[in-house]
Amino acid sequence: MQEAPTPISATQKRGAIVYYFVLLLLFVGAIWATAAVATPILSSGELTGSTSGGLRGAFTAFGEGVQHHVATTIGRLLLQIVVILSVARGVGWLFARLGQPTVIGEIIAGILLGPSLLGMVAPDVSAWLFPEESIVNIELLSQFGLILFMFTIGMELRIADIKAQARNSIIISQSGIFIPFILGLLLSIVTYERYAAEVAFFPLALFIGISMSITAFPVLARIVQERNMSRTYLGKLTLNTAAAGDIMAWLMLAAIMAITQSGSVASAFFNFLFLLLYMGLAFGVLRPLFSLIGRMYNKEELLGKGLVGIIFILLLLSAYLTEILSMHALFGAFIFGLIMPEDVKFRHVMTEKVEDVSLNIFLPLFFVSSGLRTELGLINSGELWLLLLLFVLVAVVGKAGGTYVAARVCGIDQKDSLYLGAYMNTRGLMELVVLKIGLDMGVLPPVFFAILVLMTLVTTVMTTPIIHLIDYLFLHFHRPTKEAVARLSHRILIAFGRPETGALLLRLARQLFPDEKLSSGVSLLHVTMSNNVNVINEETFFADNFHPALREARHLGFSVEPIYRVSDQVTSEIIDQANLPHHSFLLVGAGLSLSSEERDRNVVSYRMLLQKRWRKFSITSPEVLLNARTLFNDKMTRFAEETNCSLGVFVDRHFGSLKRVLLLAKDATDREVLLPLARHLSKAHNASIAILPLSLGENAPALDLGPVPEEANLLTSGDGVGVLRGYDFLFISYDTWGLLTEVRPEILQELPSTLIVRSLERSADPLAIPATKNMFE
């Protein structure tokens, strides 16, 4: 046991302060003596030059120093990185608002900073910011970042998942590679002599073929995630098909690079031989070893710096081996990611250590290094623009068409086959990586590189509109039947943030509603506040957040449908889900403002302190902080005002066993809405029910509540809010809550566990579905 520290007396505190100031004076005096006394004696004139001319001369010297450091390698590189990251973030955010993948905006940001825009509009600024000799530094950093990025991509592709749908995913993915590859070879034959005769034909044909065959797994995964398909059959098939396609495409690219750099297939024989040895070592020795490590070290606290350091050393060694084998360092990084343990928790921890840096810092540098080499001005004639259209047409027909045909052959219906074709046509970042490799190797001429970059952008941008078109066509011609909607009717939606809150709300719902209301099941919604969560993290977040609620559902013995979403607009996502036709009641927690947890109260107190200090909100008295809109912060107010279903907001004050339940009502309508819920809750706990008429003041009469049922005890309004201390649970309507917290804010100190109800129909059944929810009327 540690001994308690000895208390420090006031005399000791004063002595410590005096000691500190004496030491500080000695420190300053030593520096002054060295500059004013010792320096003139030992090195005369050393400091005089810097002070000549007084303050003006000193400021001039300061300016010269700034200019010198701006022009240094590290100074210019840091400025370039700041500009690149700022522009990439801004343009990426703009494209995300337009419903496009962020990576498209980042690619375009790279092009905008290159000769296609900045170099054309402000050539002097471009030459000063990106001088030719500094480009090599950006490219080296971007290549290192790509190594880390391809490592994370390899970890996102799990071979076990591909095996689960092996037949369909392999056939569809390879059809989506071979058909566009063949069309790319034909296209290169047609266009070579007129547009690319200055480069070797065979390597060019191979690179055009592979460029037509690529699918961007990261971008595709984000689109599938945004459409909430990750856990559906089609979503899993799409991701597994893209994963299988990426593995095949990178194997083909490695072979193409070996052939290109060796000069012929025969001379590349030894490259392939050593590649087979490398793959055998990776999958036969390292993968089983890492599988064991993954079982042992699947928590962040166990995955120490030593093990992480070894993994990074092996990653760089793998990249180095494939680089010297003429198959590019990125291939080695990708393969090393593939052999990481299949354990999701291990991959989640490793991904978190790498992904943020590679995505947010290094990748934008790659986009700019590519943009600086992209000269859209080379496409300067109608003929070349027609050539661009031809490339786009071949890419779309080959990739989307090849995927669609294979999907139909595998027995997949027309709608899902069309979706697969549209998804596989996404190219994005992976395509740009391949094109940059071809440009660096001198295989792709600049005009073809510019055309293929534009083709990449067009085919990626068109993915979302095509998917929306498919949605529209099948929704218009294949509308669901009334019976299909009726089977989902009267469904309760529980939206929660913290995992334990989901289980609590589920338990409350079981006690509030009769079995027939729960027969359609309950929807459980959790939204991760982000716009960029990779596949590995998504699975981890799903398991962590839904585990308590799913365990509670099994214990209670009724069905639930987990709904997981990733969005940076959490409130809007919950509202959208609540407004679906089959959801008739939304149940949520009250949030921080009404929480009984000490950590939540500390957050609220600190927020109020900041509001007062910064004067960002008009606060005239402490009572204003207690009104319904403040405590039902903007999120809760939006739920009440924008949802088309009934709403229940639960205030948890150590909800458990109940003996006495109270209804606080201002009129008969409140009683009719709240009493059915109170009956079911009291029945579950064998608790008594009491009804308290709302009194807005000492002399204000309560409104008539109408006939009171026999099982409820009618209290007098004169009992006041102090009566709440004797009850375990409170029911109150949303409108009554708003009135009460404005005129009687002291009630907030007495609240038991409380359910605040907004019934849309104002009927005795809060689960009643309004007519506006019927999509067939």
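Every residue gets a Cβ built from N, Cα and C, even glycine.
A TrEMBL annotation is a machine prediction, not a hand-curated record.
Listed as Cβ neighbours of the transmembrane segment (17-42) (distance under 8 Å, sequence separation of 6 or more from its ends, same chain) is no residue at all: none. Taken from TrEMBL, the feature transmembrane segment applies to 17-42 (among others).
What TrEMBL records for 77-96 (among others) is transmembrane segment.
The domain 'Cation/H+ exchanger transmembrane' annotation in TrEMBL covers 88-465.
The annotation transmembrane segment is assigned in TrEMBL to 103-122 (among others). Residues 83-84, 87-88, 90-96, 129-130, 216, 218-219, 363-364, 366-377, 428-429, 432, 453, 456-457, 460-461 of the same chain sit 6 or more residues outside the transmembrane segment (103-122) yet have a Cβ under 8 Å from a Cβ within it.
Here the transmembrane segment (134-157) has long-range neighbours at 73, 76-77, 80, 84, 217-218, 221, 243, 246-247, 315-316, 319, 329-331, 333-340, 347, 350-351, 354-355, 357-359, 361-363, 365-366, 368-369, 372, 430, 433, 534-536, meaning same-chain residues at least 6 beyond its ends whose C-beta is under 8 angstroms from one of its own. Under the heading transmembrane segment, TrEMBL lists 134-157 (among others).
Away from its own ends, the transmembrane segment (169-192) comes close to residues 162, 201, 204-205, 208-213, 215, 237, 240-245, 248-249, 252, 387, 390-391, 394-395, 397-399, 401-403, 405-407, 409-410, 420, 424 of its chain (Cβ-Cβ under 8 Å, at least six residues beyond either end). According to TrEMBL, the transmembrane segment annotation covers 169-192 (among others).
Summarising the annotation, TrEMBL assigns transmembrane segment to 204-225 (among others).
Summarising the annotation, TrEMBL assigns transmembrane segment to 237-259 (among others).
Under 8 Å from some Cβ of the transmembrane segment (265-290) lie the Cβ atoms of residues 254-255, 258-259, 314, 318, 321-322, 325-327, 332, 335-336, 339-341, all in the same chain and six or more residues away from its ends. Residues or ranges marked as transmembrane segment by TrEMBL: 265-290 (among others).
Here TrEMBL flags 302-321 (among others) as transmembrane segment.
Remote same-chain partners of the transmembrane segment (384-406), defined as residues 6 or more beyond its termini with a Cβ less than 8 Å from a stretch Cβ, comprise 171-172, 175-184, 187, 191, 195, 212-213, 215, 241, 378, 417-418, 420-422, 424-425, 427, 447, 451-452, 454-455, 458-459, 462. The transmembrane segment feature in TrEMBL is assigned to 384-406 (among others).
The feature transmembrane segment is assigned by TrEMBL to 447-470 (among others).
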